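Each remark here refers to the structure printed beneath this line.
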Amino acid sequence: MGVTTDRRRPLHVLLVEVPGNGAARIALEAAAASAGHVLATHPAESDVLLVCGTPGPEMRTVIDRVWDQMPYPKHRAALTSPDEIGTVFTTAQDSLTDRRAQRSAAREDGIDGRHLAEDGPDHEHPNDEHPDDTDESMHEHDMPMGGHDHMSMDHMSMSGPGGYPLADGADDRDGLEMDVLHRRLGPILPVWPAGVILDVTLTGDTITDASASVIDVDDHKRGEPQSGAASALDQAAQILAVAGWDAVAARTLRVRDLAVTGRRDQARERIRPLRRRIERSVMLRWSLRGLQVRPDIDVRTVLLTRLERADAALNGRQFEPEPATPVDEIPSLVKGRDIGSARLIIAALTVFPMPRADSADEVGTTRRHQHG
Amino acid sequence: MATIVFWVAAVVAVLAAAAVFRVDSMARATYALAVSFIAVGVTVLVLHLDFIGVITILMMVMEMAVMAVFMVSYMGMNPALMPMDMTHSKRPAAVIAAAVFVGLAAAALFIPWPARAGTAAADTTRALGEAIMSSKMLVMLTISPILFATIIAALVLANPRGRYDRLGDDLQNAPADPEPGGVGR
Amino acid sequence: MVDVGNALWALVLPGVVLVLAILAASGNAALAARDRGIPVHVGVLSPFRETGRLLRQQRRSVLGADSLLWRIGGSGLAVAAFLAALAVPVGALVPLDIPVGVVWFNAVDVSLWALWWLLGWGGNSVHPLIGGYRFLAQALAYEIPLMFALTAPAIGAQSLRLTDVVAAQQPIWFALTMPVAFIVYCASVTAFSAWGPFAFPAGTDIAGGVLGELSGVDRLLVLAGRWCLLVVGAAFAVPMFLGGGAGPLLPSALWVLLKTCLLLAVFLLLGHAMPAIRPQRLAELGWVVVLPLVLLQLLVTSVLAVMGKG
C-alpha cells in the first residue's frame, strides 16, 4: 500500500480483535500504519470500526454497542480473510466521504445533530458513557452482598444524574471514603488481551475486587499461542504503550511491521539500538518500579525479555516462549492495585484464552477425563 | 468606566453567591463560589490594588480546585447533579444574615469616612502594606515559612500511618507502602 | 498611540497563539511519524487534517453528564492560554501591562487545576474521571515548586512587572543565573499542559483519559487548548528567563517569537522522547527533592540580589 494521496485523509481506526486472530490484527495494523491511518483509543475519536475475524454471539452484541457509541460519519467493516486488507481502507474512505448516506444514516438513528448515548441494562464495554451506578444497583439485587441490601431500596428512590441512583461509598486502602463503581474492562479496550473480560469493583481508582472471564468461551477458535518476532514485538509495544512511552512504542511497532512485511534485515538492524535504548532508560525503570507480575518478575523484566525473544527470533535463535497465564489468575494479580498498575500488569501477561479447566480439551467435547 | 466594572462585578458576585445555594450539585456550588470570589477580586482590582486583587483570584480558584480534592477524600466523588438542600436551620440563619447585612450597610453608609488628603500613592499595594504592617514587616516575613512548616508538620502528625507502620518496629525493614513513593524512602 | 497598538495586538494575539500551536502540533506529529515509520510529510499535515475531521464529526454527549461544567472545562483551556499570553511583552506591545504580571501567570496556571478537573469529572464516565484526578495528583507535586520558581525572577528584578523583569536581564539572562528555577518552570509547563512526561491524565491505559468521551468540536477545543498552553508556557519563559526581546540585529518582537519557537522546539525534542511518569511517583519527588532545591535556589537568588544592590 502506498502513502495516502492528498485526497485520501487519514482515518482513525478502532480495531477489534476477535480472539484467535492475532496475526490478522497485526497485519492489519501494519497496513494501516503504512497508509498513514491512526489507531483510535476510544470509539468517540474513531471513524472506522474494523473487526478482525468472525465474532461470536456475545462479541457481536459488544461490537454493536461500541458501534452505537461512535459518532457520525462512521463506517464499519469486518475482515475475514487476509486479501481484504488491501481494499478495506479505500472502501472505508469512500463510505465516509459519502456525506448524504452518512447524514441519512444519522437521521435514521433518530438522533439529529448531536449524538446522545443511550443506556442499556448491562454494560459490557468500558469505554461507554453509561453511568456506572446502574451496574451497582443491578448487582445489589443479584449478588448476595451482605449489608448492602437494605441500602439499595433507598438508593433506588433517590434520583441522580440521568435518572440513575448515585454510587455507594466504601473505604479504600488509605481509609478515605470513595465511590464504589462496578466496571467491566474489556473485551474492547485499547492495548488489551483479546477477548478477556475483567469485571472490577473500583473504590476510587483502586481495584478492590475483580473477576475475569473470556468472551464467547464456548465459541473459540482455539488460537495457538503466538510465537515469533512479530508477536513478541507486539507484546513489548503493548507494555510500552500502557506505560506511556508512545515514542518508543511506535518504534517497536515499526520494527514489528518490518518483520511482518518481510523486511527482516531492516528489522534486525533496528532492534538492537531499540533494546539498548529501553534497557538504558532510567526514567522507565523509575516509573515502572513496584509492579510485580510474579514474586521475582516485574513488568520491566518482562518487557526486556520480550525484546530479547524478538531479537532471538529475528536472528534465527531459539528462545523460550513466554509462559501463558490462565485467565483465572488475573484477579489475584490485580486486586489492591490502582487501575493504571493493573493495566500494566495485565499487559505484561500472556493471557491464555481458555479457562484452566478446558485447556486440554477441544472445544465442545465433554470434560469427563478432567475429573478424578 | 471603573464604576461600570465595579457594578458589574458586584452584581455578579452577589448573584453567583446566591447561586451557590440554589444549584443542584456540589461541583456547581463550588464553582459558583469561585465565580463570586473572582468578581470580588475584580472589584479589588478596580481599586488599583493589583497585587491583592490578582492574589485573591489566584487563591480562591486554587481553593475551589483543592476543594475538589477534599470532596474525594471526605465525601467520595459525590458532587453529582442531584437536587440537594444545603441549608440548615433556615430561620435563625435568615435572621442573622439580615441583621449582619443591615449592620454592615449602616456602617458603610453612616460612618464618616475621611476624605483623601493629597494624591494616591504611586504603588498602592506598597502603601497599603506599609500602613498595615510597617515596622512588623520582618516579623511577617519570618512567620510565613514557619506557618508553612507547621502545616506540613501537622499533616505528618495527623497521618495514621507512621514510621513504625511503614518501616517495622525497629525501623529496619523496607517501606511497606501500597504504592512505592518516587524517591524510595 | 500605544493603546491602539495594544488593543490591536490583543485582538491578533489569539490567532498568533493558534498558529504557533498548530506548528507545535505539526512538529510533534512529524516526530511521531518518524518514530512510527510513516513519511514525515503525512505527520506534518496531520493537525490540519485532524482539525477538518473533527469539525466534520458529530458531537457527543453522555447521559447524566454535567454538560455546562464539562464544556467549560474543555473550552476554558484555550481561553486560559490566551489570557496568559496577554501579559507577555512583545517588543513595545504589552496588552496587559499590570504591575503584577508574574502573579497573573500564576493565577492562570492555577485556574488550570479547575479546568482539567472539570473536564475529567464533567463527563460522568470513569476513565475521564480518573484522568482528571491524575492531573490533580500531578498538580499537587508541581504547583508549589512552580510558584517558588516564578518568584525567583521577581526577586532578581525586584519587581513583579514583566517589563522590569526583562529590563533586569540586560547583562545576563536569568536562565543562566537561576537554572533550577528555569528547569522547574519548563517541567511545570509540560505538566500543566498534560503533555510529554506528564501525559498520564490523557494516558492510553485509561482509554484516553480526559480526552476519552470527547468528539467533534469539543475534542478539537481540548486538543487545541493543550497545545496553546504549551505555546504560551514557552512564550512566558521568554520575558521571565530568556531576556525578553533582547538580541542583536532583529527587532525585539521578532526575537520574542524566535525564542518562543526555539524553546518550543526544545520542549518537543526532549519531551516527545521521554516516557510518561506515573503520577503516584511524582508526589514524593516533588515535595522531598524538588521543593528544597527550589527553595535553595531562592536563597541564592535573594542573597545575590541583596548583595548586588548594596
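Quick reminder: no glycine exception, Cβ is built from N, Cα and C everywhere.
What TrEMBL records for C:6-26, C:68-92, C:98-119, C:140-160, C:172-200, C:220-242, C:254-273, C:285-307 is transmembrane segment.
Packing against the transmembrane segment (C:140-160) from elsewhere in the chain are residues 99-103, 105-106, 109-110, 113, 167-169, 174, 177-178, 180-182, 184-185, 187-188, 191-192, 198, 240-241, 279, 282-283, 285-287, 290-291, 294-295, 297-298, 301-302, 304-305, 309: each is 6 or more residues past its ends and has a CB under 8 Å from a CB in it.
Long-range Cβ contacts of the transmembrane segment (C:254-273) within its own chain (Cβ-Cβ under 8 Å, at least 6 residues beyond either end) map to 20, 23-24, 27-28, 31-32, 88-91, 186, 189-190, 195-197, 230-231, 234-235, 237-239, 242-247. Outside the transmembrane segment (C:220-242) by six or more residues, the chain places 17-18, 20-22, 24-25, 50-51, 54-55, 74-82, 84-85, 87-89, 102, 105, 112, 119, 150, 153, 162-163, 165-166, 173-175, 178, 181-182, 185-186, 188-190, 192-195, 210-211, 214, 256, 259-260, 263-264, 267 with a CB less than 8 A from a CB of the stretch. Between the transmembrane segment (C:285-307) and the listed ranges C:6-26, C:68-92, C:172-200, the one holding the most Cβ pairs under 8 Å is C:172-200.
If you look at the transmembrane segment (C:6-26), the same-chain residues 6 or more away from its ends with a CB under 8 A from one of its CBs are 43-48, 81-82, 85-86, 90, 93-97, 223-224, 227-228, 230-232, 235, 260-261, 264, 268.
Counting same-chain residues at least six beyond the ends of the transmembrane segment (C:68-92), those with a Cβ under 8 angstroms from any Cβ of the stretch are 2, 5, 9-10, 13-14, 17, 98, 101, 104-105, 108-109, 111-112, 114-123, 162-163, 166, 214, 218, 221-222, 224-226, 228-229, 231-232, 235-236, 238-239, 244-245, 251-253, 256-257.
For the transmembrane segment (C:172-200), the list of distant contacts is 109, 112, 116, 131, 134-135, 138-139, 142-143, 145-146, 148-150, 152-153, 156, 165, 209-210, 226-227, 229-230, 233-234, 237, 240-243, 263, 267, 270-272, 274-279, 290, 293-294, 296-298, 300-301, 304: same-chain residues at least six beyond its ends, Cβ to Cβ under 8 Å.
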